[in-house]
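Copied from TrEMBL, the annotated features are:
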BINDING   CYS78, CYS83, HIS157, HIS162  Zn(2+) binding site
COMPBIAS  210-225  compositional bias 'Low complexity'
REGION    1-22  region 'Disordered'
REGION    210-235  region 'Disordered'
Amino acid sequence: MDWLMGKSKGKPNGKKPAPEEKKLYLEPEYTKSRITDFEFKELVMLPREIDLNEWLASNTTTFFHHINLQYSTISEFCTGESCQTMAVCNTQYYWYDERGKKIKCTAPQYVDFVMSSVQKLVTDEDVFPTKYGKEFPNSFESLVKKICKYLFHVLAHIYSSHFKETLALELHGHLNTLYTHFILFIREFNLVDPKETTIMDDLTEVLCSSSGSSSNGSGNGSSNSAGAQNHVKER
């Protein structure tokens, strides 16, 4: 868990922003593509008689595997040359190691840091217990929040830098469905600071509204979308 002692931060890259390109993933013909019309708001809710930590563990592990799989479909296009920084729109993310050292890395390196670290956590019996009677650590919820933040970065990078490839593979319906499910899950349990996700609020508003779930338990819905640009500049 040493990797969680550090933190990944996003901030403007210091260069003069290039004219904002049209976001292909916001085109109506693509946002309407899903692999199911299921009501995810109901799916993410904690079932009766299910322990909260058990529910968080089960869903977090599942999202990790699904997001890892989604990224693997475009990983050959995400290279040190094509993605020299871990960027989403005008925000650049840095990795911090267990000593708190700031690491500027390429997108594939960043994703590898994320996936390798999360893999160690979800397979650690002391952190994600699977045996009956084994208790979750006191820090479990904070660990889940960290994991979800990093997984969000990966999803956002796929949309920002590799949506064309996703379209070519005809996997945009899978990506939209996964993103919608994930966002509603982290909102339901307040797992990621809304400031962290504002960079994708335009997409979130479209996908979650069209799924009939524009409002959420944490009250962090469309009210954040107007501040997305300010968020990028302030960071």
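Just so it is clear, glycine is given a Cβ too, placed from its N, Cα and C backbone atoms.
Note that TrEMBL annotation is computational and uncurated.
Here the features listed in TrEMBL are placed on the structure.
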residue : record              : DSSP class
CYS78   : Zn(2+) binding site : coil
CYS83   : Zn(2+) binding site : coil
HIS157  : Zn(2+) binding site : helix
HIS162  : Zn(2+) binding site : helix
Shell list (Zn(2+); ref centroid = CB of CYS78, CYS83, HIS157, HIS162; cutoff 8 A):
ILE74, PHE77, SER82, ALA107, PRO108, VAL111, ILE158, SER160, SER161
Count the Cβ atoms, other than its own, that fall within 10 Å of the Cβ of CYS78 (Zn(2+) binding site), considering every protein chain shown.
21
Taking each of the binding-site residues CYS83, HIS157, HIS162 in turn and counting other Cβ atoms within 10 Å of its Cβ, which one has the fewest?
CYS83
